[in-house]
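*Asks:* Before we start, here is the structure in question, set down as structure tokens.
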């Protein structure tokens with residue numbers, strides 16, 4: 001029932017559009033936890049932990065049917081902690097599984113888990129006193145299903161050639177913007193729609209993801225455009241010829257003759273044959289398959305190691321702000337002073353709530369900012385050639401052709417140039433974000449919100465595009481998963497930083513923000529290394545005239 005790779009290629013725009021919608025409404029929806037928390041408390045989850053005589057210290061409205069207390073908040077936040085951990089920690093094993101089995105089975109399992117998550121939450125709400133513990137399993141399945149959908153969608157841009165980075169940025173942007181989903185559901189809930197109805201409807205919509213994947217996603221993984229056998233897999237494997245020539249053999253002849261024609265025609269005075277014999281074709285075809293790059297060399301490459309530091313630092317900066325934004329806003333409103341009267345406390349709560357709502361709504365900007373960084377990564381790629389061939393370089397030198405008169409733009413060099421621009425811009429915005437955090441001006445926080453949202457969309461998109469450009473496509477899932485896992489470990493440091501801010505620093509965020517600002521300067525090390533690596537690669541091209549196959553097998557290892 002699964003389509004072939006050629007059929008999936010013809011449906012690639014449908015798959016891309018539906019993947020964006022699926023990411024937006026079904027991927028990292030746990031990032032909108034604040035709205036879901038209010039719904040769960042209104043439904044009475046873990047209200048049994050509150051004393052019967054409790055007059056909760058949280059705000060209650062007239063529609064509230066259940067008591068609330070700090071114990072209830074702790075239990076529900078524990079569920080969120082488990083779900084968010086699953087969302088981040090499972091990226092590495094998912095990447096390994098996806099590299100081995102392809103995206104189709106992973107996506108099917110992810111959509112099934114998300115469906116089960118919504119169903120469990122709906123069933124648990126029918127008897128919250130007995131079934132409240134199901135929320136832990138439901139949130140775990142929600143996080144796991146969401147990351148499965150996100151990871152598999154990142155392989156789709158391989159079907160779009162020069163638009164790959166832009167499409168990948170759009171996928172990551174829809175993932176980052178999914179934090180708006182639960183606030184939208186809360187609006188529906190506040191309009192009077194029952195929580196059970198909402199969850200069962202959401203579960204039914206998740207079943208459509210399973211159906212869409214079954215009908216349109218192929219069993220094979222999507223090859224990257226720069227792979228040697230990309231054209232064979234996408235365009236030629238289904239080609240039937242009257243002369244009984246198979247797709248593989250036809251591809252071999254086309255590739256061999258293409259390489260021959262791309263070189264300078266040899267002179268008869270050299271004593272070499274000007275034409276290729278059948279033996280030459282067979283001999284060349286034996287060397288045609290791309291040499292496999294070991295995973296350990298990609299893992300130990302300086303590019304990947306520097307990206308781990310940059311992404312971990314940025315993740316810590318972003319997650320800490322998301323965790324402490326309410327406390328920071330409260331400090332800006334109160335100036336660090338406690339207000340005893342209820343009127344003053346209510347005013348502070350309303351102001352913080354308003355700014356928090358604006359910050360949540362701005363997460364949709366990720367859907368617009370992520371394609372922008374993808375456009376930067378795709379800049380002038382379509383005007384590039386793969387690499388200089390040795391025959392071309394030697395022929396030009398022999399005939400006295402000035403290489404400076406015709407300087408082709410090489411794809412590998414251009415991708416590195418675009419990555420340098422993308423990471424430099426992202427780090428500059430991150431530094432600007434850190435500076436605005438240091439300024440005690442409440443209205444300036446709107447600028448801080450915008451910078452935070454842009455950086456959150458930029459750095460994931462830039463990293464994914466860098467990995468796709470530099471490393472072999474069969475390593476993409478493993479490298480991305482390991483990077484996400486390391487970044488999640490870095491993000492755990494936000495808890496002691498938060499405790500230090502609300503404890504010894506008495507709510508003042510200045511010193512923590514200053515330390516994080518200085519730490520964020522390390523992000524410029526990655527584009528600095530990429531600049532050095534690009535210069536070295538340019539020297540190799542100029543000195544050796546490396547061909548495309550040698551570049552693919554050699555330069556990626558030393559990246």
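Glycine is no exception: its Cβ is also placed from the backbone N, Cα and C atoms.
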*Asks:* According to Swiss-Prot, which stretch among 357-377, 378-398 corresponds to the feature transmembrane segment?
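*Replies:* It is 357-377 that Swiss-Prot describes as transmembrane segment.
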*Asks:* With respect to Swiss-Prot, which of the residues 54, 262, 292 bears the note phosphoserine?
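*Replies:* Going through 54, 262, 292 one by one, Swiss-Prot annotates 262 as phosphoserine.
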*Asks:* Match it up for me: which of 236-256, 446-466 does Swiss-Prot list as transmembrane segment?
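*Replies:* Checking Swiss-Prot against the ranges 236-256, 446-466, the transmembrane segment one is 446-466.
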*Asks:* Sorted by position, what residues of the same chain at least six away from residue 212 (N-linked glycosylation site) have a C-beta under 8 A from it?
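*Replies:* Listed in sequence order, they are 18, 22.
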*Asks:* Give the one range among 78-98, 168-188, 304-324, 357-377 whose Cβ atoms make the most pairs under 8 Å with those of the transmembrane segment (510-530).
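*Replies:* Most contacts with the transmembrane segment (510-530): 304-324.
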*Asks:* Which bits of the chain, at least 6 residues beyond where the transmembrane segment (191-211) starts or stops, bring a Cβ under 8 A of a Cβ in it?
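*Replies:* Result: 22, 25-26, 39, 43, 107-108, 111-112, 114-115, 118-119, 121-122, 125-126, 145, 149, 185.
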*Asks:* For the transmembrane segment (168-188), which stretch among 105-124, 131-151, 357-377, 419-439, 446-466 has the most Cβ pairs under 8 A?
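*Replies:* The stretch with the most close Cβ contacts to the transmembrane segment (168-188) is 357-377.
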*Asks:* Given pairs 6 or more apart, does the transmembrane segment (419-439) have at least three Cβ pairs under 8 Å with the transmembrane segment (304-324)?
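*Replies:* Stretch pair touches.
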*Asks:* Any residues 6+ beyond the ends of the transmembrane segment (105-124) with a Cβ under 8 Å from its own?
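*Replies:* Answer is 26, 45, 94, 97-98, 131-132, 134-135, 137-139, 141-142, 144-149, 151-152, 195-196, 199-200, 202-203, 206-207, 209-210, 213-214, 217.
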